[in-house]
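Have a look at the structure below, then the notes.
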Amino acid sequence: MPPSFEEMEARKEKKDNKRKRSASVSEKPAKKAYEPKGKKGKKQAPVVSDEEEMPADLPEVDLEELASAKKALFDDSEEEEEGDEFYDSDEEGREKPIWSDDEDIETLNVANMEALSRKLDEEEELEAEEAEEELVEGAVQPKAIVLPTAEEEEAMEGHPQDVTMTRTRMMEITKVLEDFKTLAEDGKSRTEYVNRLIKDICSYFGYTPFLAEKLFNLFSPSEAMEFFEANEISRPTTIRTNTLHSRRRDLAQTLVNRGVNLQPIGTWTKVGLQIFDSQVPVGATPEYLAGHYILQAASSFLPVMALQPQENERILDMAAAPGGKTTYISAMMKNTGCVFANDANKARTKSLIANIHRLGCRNTIVCNYDAREFPKVIGGFDRVLLDAPCSGTGVIGKDESVKVSRTEKDFIQIPHLQKQLLLSAIDSVDANSATGGIIVYSTCSVAVEENESVVEYALRKRPNVRLVDTGLAIGKEGFTSYRGKHFSPKLSLTRRYYPHTYNVDGFYVAKFKKIASSPHDVSKAGAKEKEHAARSEQDDTIINDDFAEFDADQDKELIQQTVNRNMKKRGVNPNARKADKVIKEEEAPKE
Amino acid sequence: MPPLTEEETKVVFEKLANYIGRNITFLIDNKEDPHVFRLQKDRVYYVSEKIAKFATSVSRQNLMSLGVCFGKFTKTGNFRLHITALSYLAQYAKYKVWIKQNGEMPFLYGNHVLKAHIGKMSDDIPEHAGVVVYSMHDIPLGFGVSAKSTTEARGLQPNSIVAFRQSDVGEYLREEDTLFS
């Protein structure tokens, strides 16, 4: 039984009872308790029973009054038969006029005045009592109803569940968890509620229990529900104006003429437009093909905005495909300087190259390395953007498969890769850059393992970087502690984005500034090459391969001298026993 | 990633000269930011000298693209311009054709330019010369070869071809798999 339905039923029954009691002025409460639930049956029942037991139990009540009461009840029931059967919210209201207006005035006389007034008093008292009871019960109700019993739970196993029921229960549990002290059922622990809620989330939204729990733990219960719900709807389509070819106002005008309904995304970006609906495919208009804009999620603007590329810098985008961020960097630099766009996946570099050319970026170099190789390939960048590959828990609205495909293993392997990448990114930056020395780390995940933990790790491993403010207008602060883990307080400078708060994909942005160079920065391949060159050029320097060769004969003489000296010190004449000591002395220095 | 040989340069420049004529000098004599041609696999890239130098640190098999790809050498040694060269061609184009809005989509789907779609065109286009195609808002859409000279084209039927399409920006969608690697 769903709690909500039970609740409803219970309330209805109570009301019915109440009405009956007030109708017959509490003459036979025992009988009432056994009355059937159905409205029709219930309503006819009192009539019969009243007639039977009237003489015994009802001395004080006016017969006429009772008759009219019966009639009223009948009328009432007839009326209800006609009306909506499930109507239960204001039945009490309907009874009242029957009592107070009609019969009371009609039958009021000196004889029954006392009885009547007593009846009224009783009635009032009863009502007050019941109201109070209901009030108390109302507060208690969720305690009794929210969690299903063990039997119910067993019954639920293996059955496809009623979604509305599950949903109601999720809401109820969320409510309880929000105010656990007052609303929780006695003897039930918070864990029981949370477990039930996570089970419901799994069945209702289709997550694996592992992922549901992981995501649930990031938020307060009500916020978590908002998050899960926001993941069910997709984010609005957004486009970014390519400032190399067009301006936002011109582009908006052109697209409006093509029948696209759009508006600027927000005050935080000057290049973004949000598409509401369109009569033409937005990804195939002549403007799109001519590179005036690119379809890009609003969240993807953020890391580039945090990176703040300057003209004439050398910038590395470590995981660039499909090129939304790379082209944005290029546009911000107005095609000056140099952008290295790297992607580890060769197939994905196709779309990267296509976008780079379509948007008219002329300052890019596209390469296909594992980004971890990077300070080796080329280092000394002014800025590095690492939009790391991630589990994608922030973009569940876009890619539903994340709900079931991610396992515990992923949350170990992916962060491991991210940590390596971030260290590579840090080492690839030139700390002495006049304008930059900036590293931006971002993921489209909301998991702490892939965000705060990775940043914390980098801060620990590379003391020559520090976190700086991202300079982004929106975003929530990163966690400084999470489930018993404590991170550096500086992590509050990083930014988190959630689908339910900003209607962008779940995202995370951290910005570092490199303040000093470290031994890790040295391009290792380059160093080796330099050493080889040095060896071949100057043979007669200190670097000689014969350093470790020994001349045994020459050494022997020197060793002998030292031994003699030592013997003299001890007061032994070395020449006196030269003959028999020679062998021993030869061994001595070897030790 | 070598520069072009003399032979290769000749082939490439002959092709470019069809579209931009003597403006080709702007491509090679850029004093403040000298640009160079580079051959990577069979593709020709046009790129700032500075960037070309940076690209030397990337090994040949890992280098996917640099600067702007102008086109590729076919196996027979011809040079074929790609749509990616359009931004430079449009910048220095000698002969231009503007097409009306109703002709944009047919052209972007790979059709030739019809007389009916012509909004305006350069006055002095000879027959079989390279032309760059623009929309009426001056957005470059592609390039091709004129079928008729401007004067001859004036007397053509509305449904006859004025310029043969060689490349259009629709290829970014249609040819993404083959164009870029």
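Cβ coordinates come from backbone N, Cα and C, glycine included.
Predicted automatically and left uncurated, TrEMBL annotations should be read as such.
Neighbour count (other Cβ atoms within 10 Å of the Cβ, all protein chains): 26 for A:Cys444 (active site, nucleophile). If you look up TrEMBL, you'll see A:Cys444 marked as active site, nucleophile.
In this structure, A:Asp370 (S-adenosyl-L-methionine binding site) belongs to neither helix nor strand by DSSP; it is coil. Residues or ranges marked as S-adenosyl-L-methionine binding site in TrEMBL: A:Ala319, A:Ala320, A:Ala321, A:Pro322, A:Gly323, A:Gly324, A:Lys325, A:Asp343, A:Asp370, A:Asp387.
Taken from TrEMBL, the feature compositional bias 'Basic and acidic residues' covers A:28-38 (among others).
The compositional bias 'Acidic residues' annotation in TrEMBL covers A:49-65 (among others).
Per TrEMBL, the feature compositional bias 'Acidic residues' maps to A:75-92 (among others).
The feature compositional bias 'Basic and acidic residues' is assigned by TrEMBL to A:577-591 (among others).
Annotation source TrEMBL lists domain 'SAM-dependent MTase RsmB/NOP-type' at A:227-515.
The annotation region 'Disordered' is assigned in TrEMBL to A:1-105 (among others).
As annotated by TrEMBL, region 'Disordered' applies to A:567-591 (among others).
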The record names A:Ala319, A:Ala320, A:Ala321, A:Pro322, A:Gly323, A:Gly324, A:Lys325, A:Asp343, A:Asp370, A:Asp387 as the residues that bind S-adenosyl-L-methionine; what is their largest Cα to Cα distance in Å?
20
Do you know offhand how many angstrom separate A:Ala319 (S-adenosyl-L-methionine binding site) and A:Cys444 (active site, nucleophile) by C-alpha?
13
Can you tell me how far the Cα of A:Ala321 (S-adenosyl-L-methionine binding site) sits from the Cα of A:Cys444 (active site, nucleophile), in Å?
14
I need the CA-to-CA distance for A:Gly323 (S-adenosyl-L-methionine binding site) versus A:Cys444 (active site, nucleophile), whole Å please.
15
Which residues in the same chain, at least 6 apart in sequence, have a Cβ under 8 Å from the Cβ of A:Asp370 (S-adenosyl-L-methionine binding site)?
A:Ala344
Would you pick out, from the binding-site residues A:Ala319, A:Ala321, A:Gly323, A:Lys325, the residue whose Cβ has the largest number of other Cβ atoms within 10 Å?
A:Gly323
